Amino acid sequence: MKFIIKLFPEITIKSQSVRLRFIKILTGNIRNVLKHYDETLAVVRHWDNIEVRAKDENQRLAIRDALTRIPGIHHILEVEDVPFTDMHDIFEKALVQYRDQLEGKTFCVRVKRRGKHDFSSIDVERYVGGGLNQHIESARVKLTNPEVTVHLEVEDDRLLLIKGRYEGIGGFPIGTQEDVLSLISGGFDSGVSSYMLMRRGCRVHYCFFNLGGAAHEIGVRQVAHYLWNRFGSSHRVRFVAINFEPVVGEILEKIDDGQMGVILKRMMVRAASKVAERYGVQALVTGEALGQVSSQTLTNLRLIDNVSDTLILRPLISYDKEHIINLARQIGTEDFARTMPEYCGVISKSPTVKAVKSKIEAEEEKFDFSILDKVVEEANNVDIREIAQQTEQEVVEVETVNGFGPNDVILDIRSIDEQEDKPLKVEGIDVVSLPFYKLSTKFGDLDQNRTWLLWCERGVMSRLQALYLREQGFNNVKVYRL
């Protein structure tokens with residue numbers, strides 16, 4: 001099988017040296033992602049496209065799906081590459097490929113040609129289109145807005161029959177811009193802002209301020225791992241977790257109620273800036289949107305920025321909540337966000353929307369900054385690829401099984417879309433569907449006299465959720481592996 005990768009248009013207008021660098025980086029990113037599916041595949045770069053050739057037909061859908069999620073790719077063409085002799089040979093091959101698709105449909109033929117030939121692209125379009133129209137009685141030519149467009153590419157003595165076109169996410173290849181550190185909470189905003197910087201070519205590391213215990217961190221780890229695995233797995237990134245409960249406790253004890261929200265955000269920026277400096281990261285990323293909450297007014301955002309020289313990027317600054325939620329739905333983080341607890345908003349009953357710098361600084365003089373230094377020093381830094389392994393160690397008490405007993409039920413915790421695409425059927429045992437994002441509220445409604453074997457495709461989510469359910473007091477859970 002063969003795929004032709006078309007570049008994001010902004011790449012093609014770069015200078016020659018920059019364009020070559022971007023294409024080289026994108027080629028490496030594609031190799032890094034696809035090697036997990038087929039180690040023998042070939043990735044070949046050209047001036048205006050990249051070819052991917054693979055032998056394992058069983059991995060075709062997985063490879064195609066992975067390509068649509070790699071930043072820097074505008075669209076993917078799945079093609080059949082065959083030799084041809086003349087225009088009539090091109091027509092005959094197109095007829096075999098497209099006959100079924102054109103039955104009862106309007107169509108047109110579009111051809112791109114490279115190389116030396118005794119015919120033009122328009123000649124091929126007319127010849128092939130006329131032939132298809134004659135040989136498929138129910139088909140009809142329509143040059144404007146046809147139901148089916150027959151795409152052909154002719155290059156020297158090779159014909160590319162385009163079997164399908166699939167849109168990519170666009171943007172720049174990861175690694176073409178510098179690293180950033182995303183302040184991730186697991187909610188709608190931080191997930192979308194992280195994705196937007198990945199799509200713009202940045203390697204995104206994650207910094208999480210834990211305000212709600214182990215269950216909260218597990219949830220945010222899931223979001224970060226999902227984003228990395230889906231859009232950024234071509235690169236290694238860090239997940240830094242900072243226990244911010246001592247900082248919140250100090251704020252609650254010593255800071256005036258109205259100033260708490262702004263001061264908490266200032267403390268987070270101070271801490272994140274220290275982490276960024278430690279690892280040589282150029283900028284922070286937040287999901288703040290202008291006026292969304294009290295700490296996100298222009299006055300308050302300026303006061304928050306003033307505590308650090310580190311650049312703070314806010315890709316969602318002009319977005320409304322509905323737009324952000326729609327983006328979260330598109331990238332697959334909506335379900336995570338809907339079940340993620342929100343802690344920041346509860347610490348202040350009457351937050352100021354227009355903080356005064358002198359008052360903020362006066363309140364911060366009461367704060368013991370050694371607490372902030374300590375939590376940053378003790379921050380837990382892991383390679384995001386190790387989250388799955390670390391979770392295995394953390395859930396040692398949760399048994400992993402590949403068999404089942406008479407009282408067992410498999411609980412498929414994948415998202416509904418994944419379950420519909422690849423239904424799970426295991427002979428000899430019932431399979432019940434309960435997506436991971438409903439476990440926290442719906443697991444207790446299940447028959448607690450049964451043993452529930454949590455299953456997901458890679459085993460990461462099932463182990464994380466098993467740990468969460470154990471913490472909630474459910475001991476009738478195991479992790480199931482096929």
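Glycine too: its Cβ is placed from the backbone N, Cα and C atoms.
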Identity of the ATP-site residue among Q177, Q296 (reference: L183, I184, K265, G287, source: Swiss-Prot):
Q296
Among the recorded positions L183, I184, C456, which residue has the largest number of other Cβ atoms within 10 Å of its own Cβ?
I184
Within 10 Å of the Cβ of Q296 (ATP binding site), how many other Cβ atoms can you find? Include all protein chains, please.
21
Of I184, K265, G287, Q296, which is closest to C456 (disulfide bond) if I measure between C-alpha atoms? They're all binding-site residues.
I184
Determine, from DSSP, whether L183 (ATP binding site) sits in helix, strand or coil.
strand
Kindly assign C456 (disulfide bond) to one of the three DSSP-derived states: helix, strand or coil.
coil
If you draw a 10 Å sphere around the Cβ of K265 (ATP binding site), how many other Cβ atoms fall inside it, taking every protein chain shown into account?
22
